[in-house]
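Quick notes on the structure that follows.
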């Protein structure tokens, strides 16, 4: 944005260079000065104008109002009425004056403006009505506010939002709720107003229900968080409830640093956290923050003396389990004096995620002997563990026990686990029969799981069936095309590959470009295939060359089946050698200390060759490499992967 002095000089030069000046050019310069908040120059120009119209006065009034000077704005309006013959106020003028009266808190002046609005015939306009509704509500005159609202013939979402805000401000919660429910059109501001209003009136549980409804309807929360921050920063007094709500909001929207800062501000302001605050923020950040940021919350919980609280400990067990530090998760679990359902489920899920089937099942059985009742999330962990270990009969037994003995109704994730269970064990026909007997159709993840297994096993018949169903429920999902292309390419069926690609073009389905990222010293380094933009590219590619020669010595052979191009094998090998995760791993080997694991995140499913190569790299370098791809969590250690080579 230009500085005020520069704005003044540029506007003045342009104005002075005009051969003829008229009312239009005067108003243009006046408006520029008003927007730049150059009030002295604005007043001087206004006084020098040979003639003025409503636009001139609107610019003057807007300049004062925008600078939070309602008194001079009201004075300019009085001059307009008193001295300017033939110049009347417009809707814009009256809207500005209502806002000025609201800022002054002058009820009598506000009513005068309201009367003049009615006399001028502007009462039916939402542009004027919205400030009136807001003005009366701010002054506590909610009856007048509601009357203005009801008399407006056409009400838009802005009007509804303003009225709901006013009702909450006057503690009329039920009325605000009723108005919200009759709205046919809601925007993110509507939802944010409801969540904030309910929270400020002590109805945190109800606010959470509204937030869940918002998420269920697909309303984006990235803008909600900005609005919530504006409300939060404008609060005259903050308590533990508002601060915790803000911290959780930051965490859920990936704003981990802001969450840490808000937590620090809370401590600085002398507000002592309760057991819910750190537990909430750790849980919110478990899927989003890096392990280092999660460890900061762990330290804060230790310093605050809140570790004995089960909500805090459970959140930390979940965090470490999800971020690949299962040993730390188990150590924390053992240090807890009491375990509830959440504690056990967090550890069971953590071990299941790592593919440690025996440990997962042993923990689950121990949980049952302790009399702790499992929930649906617990069974997802147990079923996925059985799947990875190939325990088909045991997994099937747990699935039916979940319904019969524990009264848990299966959801999509449970069915997907069962499809995965049969598929991993090469029992694709049984997976097909299981799907046909399901009371509901699999979701996209379920069909994708079966299709992936067919790709791995080379079962084209069931693979086509899975792909057709996946396309039916999600026609824009590129996974079905990519996996089918991979199956045809592995058999050298390039005509079929070309036909599938034409289908993608016709349906405008685009494969998301692959990228991988690694965090080092609080900075995220992002890589794409054949990326040459990184400042350490030279060293990264030299490291890859060294790794490749070592892998070949160990027996590594590039798997070109995932290259969906009909080119020479040498070209395919070159394409594979510079995939994004390999570049990220090479960077990690260069900079991440030897005693620390290398943590990579990839936006797509890791390809067969990269998976195989990473196993070799982990063995050659003696490093643990953790890769979170779009489907699974992979921990590579000493030449093996936790997924059991099925993903």
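Backbone N, Cα and C atoms are what each Cβ position is placed from, and that goes for glycine too.
Pulled from TrEMBL, these are the features on record:
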- 22-56: repeat 'PPR' (REPEAT)
- 156-186: repeat 'PPR' (REPEAT)
- 187-221: repeat 'PPR' (REPEAT)
- 239-273: repeat 'PPR' (REPEAT)
- 340-374: repeat 'PPR' (REPEAT)
- 375-410: repeat 'PPR' (REPEAT)
- 555-647: domain 'DYW' (DOMAIN)
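Tertiary neighbourhood of the repeat 'PPR' (375-410): same-chain residues 341, 344-345, 348-349, 351-353, 355-358, 360-361, 364, 367, 417-418, 420-422, 424-425, 427, 643-644, 646, selected by CB-CB distance under 8 Å and a gap of 6+ residues from either end.
Per-residue confidence over the repeat 'PPR' (239-273) averages out at a pLDDT of 71. Secondary structure of the domain 'DYW' (555-647) per DSSP, as helix, strand and coil residue counts: 38 helix, 16 strand, 39 coil. In terms of DSSP helix, strand and coil, the repeat 'PPR' (340-374) has 26 helix, 0 strand, 9 coil.
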